[in-house]
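Okay, structure first, notes after.
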Amino acid sequence: MAASVDNRQYARLEPGLNGVVRSYKPPVPGRSDSPKAHQNQTTNQTVFLKPAKVHDDDEDVSSEDENETHNSNAVYYKEMIRKSNAELEPSVLDPRDEYTADSWIERNPSMVRLTGKHPFNSEAPLNRLMHHGFITPVPLHYVRNHGHVPKAQWAEWTVEVTGFVKRPMKFTMDQLVSEFAYREFAATLVCAGNRRKEQNMVKKSKGFNWGSAGVSTSVWRGVPLCDVLRRCGIFSRKGGALNVCFEGSEDLPGGAGTAGSKYGTSIKKEYAMDPSRDIILAYMQNGEYLTPDHGFPVRIIIPGFIGGRMVKWLKRIIVTTKESDNFYHFKDNRVLPSLVDAELADEEGWWYKPEYIINELNINSVITTPCHEEILPINAFTTQRPYTLKGYAYSGGGKKVTRVEVTVDGGETWNVCALDHQEKPNKYGKFWCWCFWSLEVEVLDLLSAKEIAVRAWDETLNTQPEKMIWNLMGMMNNCWFRVKTNVCKPHKGEIGIVFEHPTLPGNESGGWMAKERHLEKSADAPPSLKKSVSTPFMNTTAKMYSMSEVKKHNSADSCWIIVHGHIYDCTRFLMDHPGGSDSILINAGTDCTEEFEAIHSDKAKKMLEDYRIGELITTGYSSDSSSPNNSVHGSSAVFSLLAPIGEATPVRNLALVNPRAKVPVQLVEKTSISHDVRKFRFALPVEDMVLGLPVGKHIFLCATINDKLCLRAYTPSSTVDVVGYFELVVKIYFGGVHPRFPNGGLMSQYLDSLPIGSTLEIKGPLGHVEYLGKGSFTVHGKPKFADKLAMLAGGTGITPVYQIIQAILKDPEDETEMYVIYANRTEEDILLREELDGWAEQYPDRLKVWYVVESAKEGWAYSTGFISEAIMREHIPDGLDGSALAMACGPPPMIQFAVQPNLEKMQYNIKEDFLIF
C-alpha cells in the first residue's frame, strides 16, 4: 500500500501547536507527498510536541530549564519554518515520474533532476535554495535516492534492533513516539557529492553531477539512538559491540547486479552512544511527518556527517563487531587517492581500506550572490554604493564556522566576511547547521577583478584548499569556490559585469569550467609534427609522442612506458605480467629504462617489442618528474595496497609516501649473525620518520653496482612502526660456493662489502598481500579472513612470514593461530631461529614452529629431508572447514613440487586459500 500520512494514524502523538499557515492553499486538503493527496484527507499540520517529552540526558539539568529552552526553540523554529515555506508553490505529480515506481509521489517542479527520470536525485536551484533562508522547505530539500521509494504504512512499520544486544527488539512507530523522549534540533544535511560537477569537468568521476545545492537545513525530531540501544542492552566493546549498522527497506541492485540488496552502512559504537552527537531515529522534519522521499516513516539523522550515513526507510539496526559489509558501505562514500581509477580500485581493493571512508563533513563554502549569469550594470547609480556578496558555509563534526574570507585578486589579499549564525549550539557546544556570510565590496574593485573566490575556516582552523583534489567518487570537493567576472554590454552605451559560476547542476550547460574545458580540448588538438633535429636517424614512419602525452597514460586503462626512447603500450600485458600488474603500473607514464634493464632478461626485452607504439620526442625534454629516479618498479598486482598515508598516522612522517620516488637511506649498523647471514640497519632520512610499509609487503633496495642499477626485493625484519630506521636480515650468497651460481649474489655481496655510512635507496611498498590484523587480509585487493594460518617457508622466504607472525603476536587481541613449517639445507641456514623459538615458547597456543632440513647432525629434534605430505598433515591444519589459509614463500621447486600438491591433498582450495609471496 502507498504511504499514508493521515493524522488519524498517529493517535498516540501528543497534541501540537497551531499549524503553520502557508501563503497558498492546496487545491485539495492533504499533504502534497501523500499517495492519497487527491482524495479526502485531513490536513497534515506542523506539530511540536509538549515540552515534557524533551530528552534530557544530564542529571544536573532540570527538566524545567530544559522545557523552557525547548519552548523558546519551538517558537523560534516555528517562525523560521513559516518564513521558509512562504511563497512555496504546491508539489505536483510530475509527468516525468508517470511510468516509474515513484508515480504516486508529489514533488516540487522546480527541483533540478540529476539522474534523468529515475531514480529521483535532485537539488533546488541555488538561488531558490537561498531565497528561502536558513530553514529549507521540505519540497526543496535535496534528495538522494538509489532506487524507487518504498511504500510504507505507519501502523505496519517496525524497526528491529539485533546483533550484540542483550534484548533484541522490534519497535513499532507508535512505540518509538510514545515510549522514548525525543530530541528536536536544526541540522544541515549535505551530500558528500556536493559540488561534484566541478570535479567531473576536470575528469569524469563515478558520480553524477551535483551542483552546489546538495545541501539543505531542516528541523528534525526523533528518538536518540543511544536511548534505543540502551533499552536493548547493547554489549560492551569486550563483548563484541564495536559497530552499529543501519539497513533500509528499499530493494536495490547491489553487488554484481544482484537484486534485492538493501542500502546499508555503519558507524562506530562510540559515535552511536555519544549523546553529544545528537544521533536520532527521526520521524519528523520541519514539524511534519517525514515525506516519502526523505525516509517516511523513520530514518537516521547523524548531524555533522555526510548524508550517505543517514539511512532512510530504516528497518534494521544491527550491533556488530565488524563494520557493515553492505555493498553501498564499501562502494560509495569514499575519497580515494587521485591516482586510483575505477579499474584499479576494483582490482586492488581500494574500496576496503578503512582510511578512505567518509564520515564527518569537511569545511566548505559557496558564493550564492551574485548568481550565475547575473549582470551588474556599471553606471552612476551602482558605483555609488557597495555590492554585497553572499553565500553559505558549513563544517562537519559539530565544528563552528569561525571565519569566511573573500579574495578578488587571486588570493593575494583576503577580506573577512560578516557571519550570520542562526542556530544555538547544543548543550555540548556543537553546531550542526550552515551559516550565511556576506561582504560589501566596491563595484570598481569587481570591475578590475578577474574572479571572486571564497574560503571558510572552522574552529579547528581547517580551511579549504586552493586547488581541486580529484578523486574517483568525486566526493568532498571543497576547493575555493570561484566566480569569474567578465565585462559585457547589457544595453546600448552601457557596460556591466557578468558573473559566471563554475558549473550548473545535472546536465544543464553553462559555467566557466565548461568554457575552459572546451578551450583546452581545442588547444590539445595534435599539431603537425616535424622531424626532430635531435634524432636525425629516427624512423620517420613511427608515430611521435611528447613526454607530456606519455604522462597522461599512467593508469590501468592506458599504461605506457618509455625504454631507451621507445614508447610501449603495456595495457594488454598488465594481467599477464609474471610480477603482477603493479610492476608496470608503478612506472606508467614514465621513462623506466634503467629499472627495466636492471631486472629483465634478454627474453623479456625481446617480448617488449610486441608492444612498441612509437618514439619519444626528445627536443627540449627536461622533465624531472618522470626521470628514472622518480619511477618505481615492483613485482605485485596490488598498487592499491600502499601504506596508509597520512590519515592512519597523521602525527608520523612516512618514508614511503611517493611510490615513484626513491628514498635515500644510510647504513648505520651491520651485525654478523652467522658466517653468511647479516643484519643491516638503515637510517631513514629523518629521525622521527617511519618506513610506512604495510605488513605483508616488501621494498626494493636500489644500488648502482659496476655502473649498472641493481634492484632486489627485501622484507624488513624490524616492526612496521619502528621509528627512524628499518632492519634487513640478509643471507649472503658468496661467489664460488654454489656450482649453479658461480658468481654468487650480486646485491647480497655488495651489501656485505658496504662500509658504515654508505647510502643506498629504497622504493615501495610492493606486494599483493597485506595483513590488516585479526585474521584479515587483502589479496590482490580482495578481502580474505582466516582463523588459522598454515605458513610454509624455505630459506630466505621466511622474512615475509616472519613479518606477519611479528604483527600478530604484537596484538594481544589477535587470536589468529599460526602453524609454521620452515625448510632449509642445514640447521645453520635457519634464519631468525632464536626469535621464532622464543615466540613459540612464549605463545604456545598461538604459534607452532616445525623445521625441516636436508641433512642434520645427531640429536636433531625436527624433520630431515624435504617437506612431505606426512610432515604437512602432522604440523599444519587441513583445509576441510575453510577456516585455514595457507601461505608460502621459498624456492619455486619447493612450492611447485612439495607445498602445492600436498595442500591439494589436504583439501585446500588452491585458488582461494593459498597465497604465494
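Using N, Cα and C of the backbone, Cβ positions are placed for all residues, glycine too.
Feature annotation from Swiss-Prot assigns region 'Disordered' to 1-72. According to Swiss-Prot, the compositional bias 'Polar residues' annotation covers 37-47. The compositional bias 'Acidic residues' annotation in Swiss-Prot covers 57-67. Taken from Swiss-Prot, the feature Mo-molybdopterin binding site covers Cys191, and the record attributes it to similarity to another entry. The annotation domain 'Cytochrome b5 heme-binding' is assigned in Swiss-Prot to 542-617 on the grounds of sequence analysis. Summarising the annotation, Swiss-Prot assigns heme binding site to His577, His600 and lists sequence analysis as the type of evidence. Swiss-Prot lists 660-772 with the feature domain 'FAD-binding FR-type', giving sequence analysis as the kind of evidence. Sequence annotations record features per position, and here Swiss-Prot assigns FAD binding site to 712-715, 729-734, Phe741, 746-748, Thr799.
Known features from Swiss-Prot, placed on the structure.
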{"residue": "Cys191", "record": "Mo-molybdopterin binding site", "CB count, 10 Å": "24"}
{"residue": "Arg712", "record": "FAD binding site", "CB count, 10 Å": "19"}
{"residue": "Tyr714", "record": "FAD binding site", "CB count, 10 Å": "22"}
{"residue": "Val729", "record": "FAD binding site", "CB count, 10 Å": "22"}
{"residue": "Lys731", "record": "FAD binding site", "CB count, 10 Å": "16"}
{"residue": "Tyr733", "record": "FAD binding site", "CB count, 10 Å": "18"}
{"residue": "Phe741", "record": "FAD binding site", "CB count, 10 Å": "12"}
{"residue": "Met747", "record": "FAD binding site", "CB count, 10 Å": "20"}
{"residue": "Thr799", "record": "FAD binding site", "CB count, 10 Å": "23"}
| Residue pair Arg712 (FAD binding site), the residue listed as 'Mo-molybdopterin binding site' - Cα distance, angstrom, rounded | 46
| request: State the Cα to Cα distance, in Å, between Val729 (FAD binding site) and the residue listed as 'Mo-molybdopterin binding site', rounded to an integer. | output: 50
| Rounded to an integer, what is the Cα-Cα distance in Å between Tyr714 (FAD binding site) and Cys191 (Mo-molybdopterin binding site)? | 44
| task | May I have the DSSP-based helix, strand and coil counts for the residues of the domain 'FAD-binding FR-type' (660-772)? | result | 8 helix, 58 strand, 47 coil
| note | Restricted to the domain 'Cytochrome b5 heme-binding' (542-617), the mean pLDDT of the model is 77
| query | Taking DSSP three-state, what's Cys191 (Mo-molybdopterin binding site) in: helix, strand or coil? | reply | coil
| request: Provide the three-state secondary structure of Thr799 (FAD binding site) computed with DSSP. | output: helix
| What's the CA-CA gap between Tyr733 (FAD binding site) and Cys191 (Mo-molybdopterin binding site) in angstrom, rounded? | 59
